[in-house]
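Peer 1: Residues annotated as divalent metal cation 1 binding site in Swiss-Prot: ASP41, HIS43, ASP70, HIS146. Annotation source Swiss-Prot lists divalent metal cation 2 binding site at ASP70, ASN92, HIS115, HIS144.
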Amino acid sequence: MRDGEGIWGRGRTGGHAHPKEAMHTTFFILGGTMLIGVISDTHLYDRAFELPKAVFDEFSNVDLIIHCGDVTDKEILDSLKDLAKVVAVKGNMDYLNLPRKEILEINDIKIGVIHGDVVYPRGDRLKLRLLGKEMGVDVLISGHTHTPFIDDCRDILLLNPGSPTVPRCPLKSIMKLSVEDKLEAKLIPIEE
């Protein structure tokens, strides 16, 4: 949704969900495209000292930011909130009061957000797909592995933005989503 192309509303059901339950947030887009920044495993300040400036540059034009957990410090969420609305879930390293799961509904697309630490072996795509089916979502976004992927796993799109600070592959990364009638995902490498 860029430059007055439309308006959007947000409705949240469920109040404060039990940590095992999913919060449910609904977005309505009228006449435009919604841009979403996706980030995970920032690990400030336990493993990294700062978020690269390139993350803020890439997210400067988004309507919403999703953080898939292992935030580890509330300050990063506050910094991201200066750019856009933020939806975040709790990771295995977080002590913040965040839900374990979130379901976003953007027009007719249901997006599940989890950290992914409940999936073993770590990042197993089949188990992620089954979890997405259980949540009733079209797209499941997770973190935890610090390794990015975009995988159209039969009937569920599986996404992981990797980590912009402590990757487990050579690539530091985030992700951007564009949602209109369909969802398109793009992996964004983060340069130092």
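Along the chain as shown, the residues are counted starting at 1.
Glycine too: its Cβ is placed from the backbone N, Cα and C atoms.
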Peer 1: Find, among the binding-site residues listed as ASP41, ASP70, the one whose Cβ has the highest number of other Cβ atoms within 10 Å in the structure shown.
Peer 2: ASP41
Peer 1: Within 10 Å of the Cβ of HIS144 (divalent metal cation 2 binding site), how many other Cβ atoms can be counted across all chains shown?
Peer 2: 23
Peer 1: Work through the binding-site residues one by one (ASN92, HIS115, HIS144) and name whichever has its CA nearest to the CA of ASP41 (divalent metal cation 1 binding site).
Peer 2: HIS144
Peer 1: Within its own chain, what residues at least 6 apart in sequence put their Cβ under 8 Å from the Cβ of HIS115 (divalent metal cation 2 binding site), listed in sequence order?
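Peer 2: In sequence order, the residues whose Cβ lies under 8 Å from that of HIS115 (divalent metal cation 2 binding site) (at least 6 apart) are SER40, CYS68, GLY69, ASP70, VAL89, LYS90, GLY91, ASN92, ARG100, SER142, GLY143, HIS144.
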Peer 1: 10 Å Cβ neighbour count around HIS146 (divalent metal cation 1 binding site)?
Peer 2: 24
Peer 1: Taking the center of the Cβ atoms of ASP41, HIS43, ASP70, HIS146 at the recorded divalent metal cation 1 site, which other residues in this chain have a Cβ no more than 8 Å from that point?
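Peer 2: Filtered neighbour residues, in order: SER40, THR42, ARG47, GLY69, GLY91, MET93, GLY143, HIS144, SER163, THR165, VAL166.
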Peer 1: So, in DSSP terms, is ASN92 (divalent metal cation 2 binding site) helix, strand, or coil?
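Peer 2: For ASN92 (divalent metal cation 2 binding site) - judged by DSSP and reduced to three states - the answer is coil.
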Peer 1: Taking the mean position of the Cβ atoms of ASP70, ASN92, HIS115, HIS144 as the divalent metal cation 2 site, which residues outside that list, in the same chain, have a Cβ no more than 8 Å away, listed in sequence order?
Peer 2: SER40, ASP41, CYS68, GLY69, LYS90, GLY91, MET93, ASP94, GLY116, ASP117, GLY143
Peer 1: Using a Cβ-Cβ cut-off under 8 angstroms and a sequence gap of six or more, which residues of the chain neighbour HIS43 (divalent metal cation 1 binding site)?
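Peer 2: Long-range Cβ contacts: ASP70, THR72, MET93, SER163, THR165, VAL166.
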